[in-house]
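Annotation comment: TrEMBL describes 1-33 as signal peptide. Residues or ranges marked as transmembrane segment in TrEMBL: 39-59, 88-110, 122-145, 151-172, 184-212, 228-246, 253-273, 279-295, 354-375, 381-402, 414-435, 455-476. Annotation comment: TrEMBL describes 50-297, 345-470 as domain 'Cation/H+ exchanger transmembrane'. Per TrEMBL, the feature region 'Disordered' maps to 488-529. Feature annotation from TrEMBL assigns compositional bias 'Pro residues' to 519-529.
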Amino acid sequence: MGAWDPARRAAVAAACAALLWAVLVSLFGDVEAFPGGSIFAVFAIFVASSALGTVAELVGLPPLVGGIVAGFCLSNIPGTGLGSDLNAGLASALRGIALVIILTRAGLGLDRAALVRLSGPALRLAVIPNFVEAATAAAVLSGVLGWPIEWGALAGFVLSAVSPAVVVPSLLRLQDQGLGVDKGIPTLIMAAASFDDVIAISGFGVCLSLAFSEGDPVWAGVKSPLELIAGAAFGLVMGLVAGLMIPARGGGGAVAGTLLIGIGVVAVLGSRLVHLDGGGALGVIVAGMAARAAWDEGGTLRLIRAVWNNRGEKQGGARTPDGVASAVTPVGGHELDEEGPHAGLEASAWLRTVWTLVGQPMLFGLIGAAVDISVVDLEVLGIGAGALFAGLVVRCIAAFLCMLGTGFELSEQAFIALAWLPKATVQAAIGSIALDTAVSISAGSEAEKRGLAVLTIAVLAIVVTAPVGAVLISVFGHRWLAQKPVDDGTNDAAVSRGGGDDTSNGAAPEEAIADEEPTPLPPPSGAAA
């Protein structure tokens, strides 16, 4: 019998699940960790999501499909009681933490050179399909249901957000196989996904304020871009701090990854506390990208000097800001340490393991559990299905047209359009806010009815598009995307250090760390030995 044959793997998984439950009982006691408690509900959903995710993978489906099905069934099958046992605040926090893991991986994996080259298409892909889908859904819902336009737009923005928690891992899986990386397609879509969500959440916040007439509508419109700026600024500063604290070589993937997760949790969950929700997701990605840029250059101070020198060269001469040259070799000298594995690549590999074992089953199991079939109204379900279908069709057409003139093949443009379908995380997070707000401020039965309809539409979007979209990305990614030759001698670390190199291939950091030792970082010109 092999060391990791299926029977032994299943036995080990069962033993680990039993041990995990014993640990939870020891920590939380028999009230919360036994059936009927919120900790047990989370444990049951996590274990079932992991098991069905493995089954889905064995039959050729993305693991997230099994996770969503497991959470949905445990929350809605009569007699389980897990839906009512699950604490909403705990579930929301755990979804946020799991989302941080995958967004941090996305930030670390972004190819800066390809991102600069594709910045125009990425911006168009984030903005135009989002607004077109929101407007289409708003027109259908306002026209058929007779809603005020702000309520139709509110529901439209709930539908228009793409799910990075579905799109990013699916694209990272393709990127690991070298599919589409020569043209930077995974980087393009992942970069646009973060901005797409920020736009949708910001638009939703504006419409929510208008629908309930709370606060100044002008301030609501001004607040949205401020959220983006605050999130990006926080991520940039904290990412550079991470690059300063963790050595570029030999710093340890677990240490670097844990630090970035902590920064991401503060960005996502902390932004909720200060009511700047729209900037959290962007802050996580910017933090990962800034930390990776610092580690690629050998440290934050080297990165600052490189940026300053580039600026000086553009102005006709290079110079180093006072204090930076001497500070490049701090006490301990870790900025110049050329020995050991690359911190960014190690962190990416460690986060991939954490995501596969913990984050993925937790996130999608809880998303499935958030879908409460008892709140679904059949009449609204039919109208919502029409609005969802119309919005998706228009979104695909808009995404396809946005890619015209970018140098992509028609099949690649079609893939980008299909990759823009999945909904899950944002819908699970904001789908119930309108109903909760209507109830909390006693806005009346009509407002509560509309809020329930928005939640029903969000439920429909999750159930239909998350598994279908993930399957479409997997199937057509292998059919329509060109695979990078294995022996072309390039790697992501070298590309990232190249800055504006137009020959970027966008290889995944996980692929580079798994297949070869990272290339030594080049010493900065004029630095002390």
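Glycine too: its Cβ is placed from the backbone N, Cα and C atoms.
Predicted, not measured: the structure shown is a model, and the values here were computed from it.
By the Cβ criterion (under 8 Å, sequence separation of 6 or more), the transmembrane segment (455-476) is not in contact with the transmembrane segment (184-212), since fewer than 3 such pairs are found.
Using a Cβ-Cβ cut-off under 8 Å and counting only residues 6 or more beyond its ends in the same chain, the transmembrane segment (122-145) has close neighbours at 115, 151-153, 155-157, 159-162, 188-189, 191-193, 195-196, 199-200, 203, 380, 383-384, 386-388, 390-392, 394-396, 398-399, 402-403, 416, 420, 453, 457. Beyond its flanks by at least six residues, the transmembrane segment (381-402) meets 121, 124-125, 128-130, 132-134, 136-137, 140-141, 144-145, 155-156, 159-160, 413-414, 416-418, 420-421, 453, 456-457, 460-461, 464-465 of its own chain at Cβ-Cβ distances under 8 Å. For the domain 'Cation/H+ exchanger transmembrane' (345-470), DSSP puts the residue distribution at 102 helix, 0 strand, 24 coil.
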